[in-house]
Amino acid sequence: MLGDRRTDKDKQLDDVRVGYEDTALTTDQGVPVDDTDNSLRPGERGPTLMEDFHFREKITHFDHERIPERVVHARGAGAHGYFEPYDDSLAPFTSAQFLTSPKVRTPVFVRFSTVAGSRGSADTVRDVRGFAVKFFTPQGNFDLVGNNMPVFFIQDGIKFPDFVHAVKPEPHNEVPQASSAHDTLWDFVQLQPESTHMIMWLMSDRALPRSYRMMQGFGVHTFRFVDAEGRGTFVKFHWKPKLGIHSLVWDETQKIAGKDPDFNRKDLWEAIESGNLPEWELGVQLVAQEDEHAFDFDLLDATKIIPEEVVPVRPVGRLVLDRNPDNFFAETEQVAFHIGNVVPGIDFTNDPLLQGRLFSYLDTQLIRLGGPNFTQIPINRPLAEVRNHHRDGYHQTAIPRGQVSYHPNSLGGGCPVPGSPGAYRHYQERVDGHKIRKRSESFSDHYSQATLFWNSMSAWERQHIVDAFRFELGKVVNVHIREGVVRNLANVDHELAVSVAAGIGVEPPPPAAPNHGRLSPALSQAHAPVQGVATRKIAILVADGADSAQVKAVRSALTGMGAICEVLGPRGGAVRDGEGDPLPVTHAMNTTASVLYDAVLVPGGQESARELSLDGLAVHYVAEAFKHGKAIGALGSGSRLLEIARLGPGRHPGVVTDDGDDVDGFVKAFAAAVAAHRHPERAIHSVPA
Ligand code: HDD
């Protein structure tokens, strides 16, 4: 995809290698190795000899395998793909060709990440998710380094180290890992009210995505499009997932963190391997230059959204991920994003958070990747040709030819030449003012949009937010911090503050400003479209005596709709069906878990139902799926398991049963229940005792 990047030397090697076995193990110098299991020693029981160059090289290389993990967003997963615009409708606004040349596929590399945890931390923690896209355009690389939430914790880049120190494990004991539920984060939050809006997002289900494939992405800042004449238009970028926006529930995420810490990473990998290519639509909100001050917030303030109901999101094109990396380290770990990587037609604004980021990303890559030549690492190399006078430094792999490495020059014919047609030109913005450390008054409203978010949530989303605050603040040891946060929340919504206070043992705060009552329906996941059962994972529980005809029928119908069905039995290999024939199982129940599936289905077969009902693990599968609001289905005597799990047939939304006569009708109803993703009203209010 990234073209033939072999050097002349690589090509010469094709000839030299003649005569070697292609499979021969060699040293880094290309010398074939005779034995890599025993070090060189005088006598069978003698000491290892210094002259064992293979041993020394192997160990030394190993000792140097690690590079520093990213200071934030250390844990991630990446994939290759492409972006293509639908049409040229953005041509009046930007000269960025990759956004305006219809059907031209621009190669991309995307990396999703969590923020706070270390490289080895679990995927499903409560956290913001990074959504970073590198576009390899003909005009150079453009990096859209965004998140799955449209706002940020702070307004000025200079606060970033403070915020990150507060959210990361505490410095004295490095606890807790990948969790915001601790004193230092909430101490920062209570004292820094600009974080309130983002904290509402962090306490919402947006922080618990079911899959990277099912989350939105946002460029967060207001950027600027620039047209061929140098005219600007403000722009915000949005990614909308084709599969809808879906989340896990909190209890489930904590269990998944133990059962399968690679849950989101594997989900992305497996979807691409199986040809279920993840897809997002890119959309933009455009604001004319002259409307800069038309809003009741500042466009340069990254703690604010432009509600979609005020400025609609225009669909622009689609992003498809179609290839997994060949090597995690070489690609996903070494990919180096930088918000300053822009192409002609896209420029920055004076958002002070964005401005701070412009310094940080290049700086961090220099330490992480060990010098200024990281742009030569294959995953970072632009497709556009690179010609300049940059020279030398650690890890220089290019061999620039000739005498000239300066500008202006006559010896090289003046080349390379700046100012060519199509060269990047900054938007010509007039800026003047006194040199001061002061934030604009227009950045001072920290609560209105937090309230807008709260008002826009459905009842179950609100309940999840309250539960999240209670959990997080319940872990905070210092009572004054709990009180401080609750006092801030009273400025968002008094009822919210009172509900949180009641769960964490602090006095309810007095009412603050009244709730403004405005809402933005687009913010609620409850309004996200339902997208069918494609790629949903369904566990089919069986034991000896299972009705294999039913298993076959439901499996083939659901698989036909795109679902992934796995048959789970009390042991690996196969069970016996009702006729005594083997019925293969995908996994033994104890090697996987209910939390790793979107739905659970129990087919008929008297003996199977009896055995499953006596198996505490099988009962747990169903009971836990119920607790997490998932679709549950049972056919014929399979309903017995539901009764043992105390669900009671057919009384709850998302629980679908049939006596086994109408398998087609059952599949239809069950598929609809799975497609709804979750039945949260059930999860909150009617968990059986
Ligand atoms: Fe950042 C990494 C997103 C504010 C400094 N950031 C990083 C990554 C993402 C974001 C997705 C991981 C990229 C990858 O996968 O390699 N960051 C954001 C967003 C922000 C934001 C959406 C606010 C709108 N970041 C931000 C600020 C600063 C940084 C204000 C510093 C002033 N971010 C960094 C960094 C990182 C980084 C230290 C760590 C690793 C890296 O850059 O490559 O430079």
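Here the Cβ of each residue, glycine as well, is placed from N, Cα and C on the backbone.
Where the annotation comes from TrEMBL, it is an automatic prediction and has not been curated.
If you check TrEMBL, you get these features:
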| type | residues | note |
| --- | --- | --- |
| REGION | 21-46 | region 'Disordered' |
| DOMAIN | 26-415 | domain 'Catalase core' |
| BINDING | Arg70, Arg111, Phe160, Arg357, Tyr361, Arg368 | heme binding site |
| ACT_SITE | His73 | active site |
| ACT_SITE | Asn147 | active site |
**Prompt:** About how far apart, in whole Å, are the alpha carbons (Cα) of His73 (active site) and Phe160 (heme binding site)?
**Reply:** 13
**Item:** Composition by DSSP (helix, strand, coil) of residues within the region 'Disordered' (21-46)
**Value:** 0 helix, 2 strand, 24 coil
**Complete:** The rounded CA-CA distance in Å from Arg357 (heme binding site) to Asn147 (active site) is 14
**Asked** Should Asn147 (active site) be counted as helix, strand, or coil on the basis of DSSP?
**Response** strand
**Prompt:** Does DSSP put Tyr361 (heme binding site) in a helix, in a strand, or in coil?
**Reply:** helix
**Message:** Excluding near sequence neighbours, so keeping only residues 6 or more apart in the same chain, what lies with its CB under 8 A of Arg70 (heme binding site)?
**Reply:** Gly76, Ser113, Arg119, Thr364, Arg368
**Message:** On the 0 to 100 pLDDT scale, where does the domain 'Catalase core' (26-415) sit on average?
**Reply:** 98
**Message:** Let me spell it out: for each of the recorded positions (His73, Arg368), count the other Cβ atoms within 10 Å of that residue's Cβ, using every protein chain shown. Which one has the most?
**Reply:** His73
**Complete:** Whole-Å Cα distance, Phe160 (heme binding site) to Asn147 (active site), is 15
**Asked** Cα of Asn147 (active site) to Cα of Arg111 (heme binding site): how many Å, rounded?
**Response** 11
**Asked** Ranking the binding-site residues Arg111, Arg357 by other Cβ atoms within 10 Å, which is at the bottom?
**Response** Arg357
**Other C-beta atoms that fall within 10 angstroms of the C-beta of Asn147 (active site)** = 24
**Pairwise C-alpha maximum, in angstrom, for the residues (Arg70, Arg111, Phe160, Arg357, Tyr361, Arg368) that bind heme according to the record** = 21
**Message:** Tell me the coarse DSSP state (helix, strand, coil) of Arg368 (heme binding site).
**Reply:** helix
